[in-house]
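Heads up: the structure comes next, in structure tokens.
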Amino acid sequence: MPLVSMTEMLKAAKAGKYAVGQFNMNNLEFTQAIIEAAQEEQSPVILGVSEGAAKYMGLEYAVAMAKVAAEKATVPVALHLDHGSSFEVAMKFIRAGFSSVMIDGSHHPFEKNVEITKKVVEAAHAMGVSVEGELGTIGGTEDDLSVDEANARLADPKEAIEFYKLTGVDALAIAVGSAHGLYKGIPKLRHDIIEAVSKEIDIPLVLHGGSGIPDDEIEKAIAAGIGKINVNTENQVALTNTLREIFAKDAKVYDPRKYLGPGREAMKEVVRGKIRLFGSNQKA
Ligand code: G3H
Ligand code: ZN
């Protein structure tokens, strides 16, 4: 199938009380692992690409890989810009072939965030591209962006509802206690905030920093209204740990296929586990 926007898959997720996974692509092996797991589990899937990852892969390579992956699959696949930093960046990614974009104006004051997000929504929707916005400040590290705990700010439910009404986004990421990267302790999510916002809006909420959160916290978050969950770090760890194990056993290995192949398999099992946990299996 050609790439699709997130609109239909997220509508179905909200109605069916499950979540669709956004798994970030960092290279070919990530792309293959994500698509193979989604296909085998008959799950819709979102391929996430951050600006940093696009820089690393090359924007055209990223789009080409995602397009081939989507065409080979029979499940719906969206190609989504993760944490887009400006209107210009969002337009650049749409022009390159992305079917969905996130505009992350969460570091701006509320009015400015609304203004930028609305502008992206108007332009993107005219092209059939879906948009995710963000409110509150999610802690942790992703790419070159670091937010320490003291500066992480939870989303205000009233503001989040207002933000949705003013912008018309298709999905809304709100800060509810999760963080990007590896957690130091066990994360506790604010399910009350998720529920307060979710029951007032008809789009799903997005949970960023989906790696390393206990399964029961994820289940409760989905029940409260999370319909999209982003995962990157757990795949990175699975790949890297596999490589470390192989190199520790065999110091002479030099053919990348001998370690990247098993690394790809390890990521595929991570994605499969998340798809089942999120409940999006057999929903394609
Ligand atoms: O936007 C991407 C995600 O929020 C990924 O978070 O690396 O903690 O899984 P993670
Ligand atoms: Zn994120």
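Here the Cβ of each residue, glycine as well, is placed from N, Cα and C on the backbone.
In TrEMBL, annotation is done automatically, which means it is predicted and not curated.
These come from TrEMBL:
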ACT_SITE  Asp82  active site, proton donor
BINDING   His83, His180, His208  Zn(2+) 1 binding site
BINDING   Asp104, Glu134  Zn(2+) 2 binding site
BINDING   Gly181, Gly209, Gly210, Ser211, Asn230, Val231, Asn232, Thr233  dihydroxyacetone phosphate binding site
(message) Taking every protein chain in this structure into account, which of the binding-site residues Ser211, Thr233 has the most other Cβ atoms within 10 Å of its Cβ?
(response) Ser211
(message) With DSSP assignments reduced to helix, strand and coil, which class does Thr233 (dihydroxyacetone phosphate binding site) get?
(response) helix
(request) Measuring CB to CB from His208 (Zn(2+) 1 binding site), give everything in the same chain under 8 Å that is also at least six residues away in sequence. (result) Glu134, Ile138, Ala173, Ser178, His180, Asn230
(request) Would you mind reading off the Cα separation of Val231 (dihydroxyacetone phosphate binding site) from His83 (Zn(2+) 1 binding site), to the nearest angstrom? (result) 13
(request) Determine, to the nearest whole angstrom, how far the Cα atom of Thr233 (dihydroxyacetone phosphate binding site) is from the Cα atom of Asp104 (Zn(2+) 2 binding site). (result) 19
(message) Which one is it: of the binding-site residues Gly181, Gly209, which Cβ has the fewest other Cβ atoms within 10 Å in this structure?
(response) Gly181
(message) With every protein chain in view, what's the tally of Cβ atoms within 10 Å of the Cβ of His83 (Zn(2+) 1 binding site), excluding that atom itself?
(response) 25
(message) Suppose we screen the binding-site residues His208, Asn230, Asn232, Thr233 by Cβ distance to ligand 2 with a cut-off under 6 Å; which survive, in sequence order?
(response) His208, Asn230
(request) Whole-number Å only: compute the distance from the Cα of Asp82 (active site, proton donor) to the Cα of Asp104 (Zn(2+) 2 binding site). (result) 8
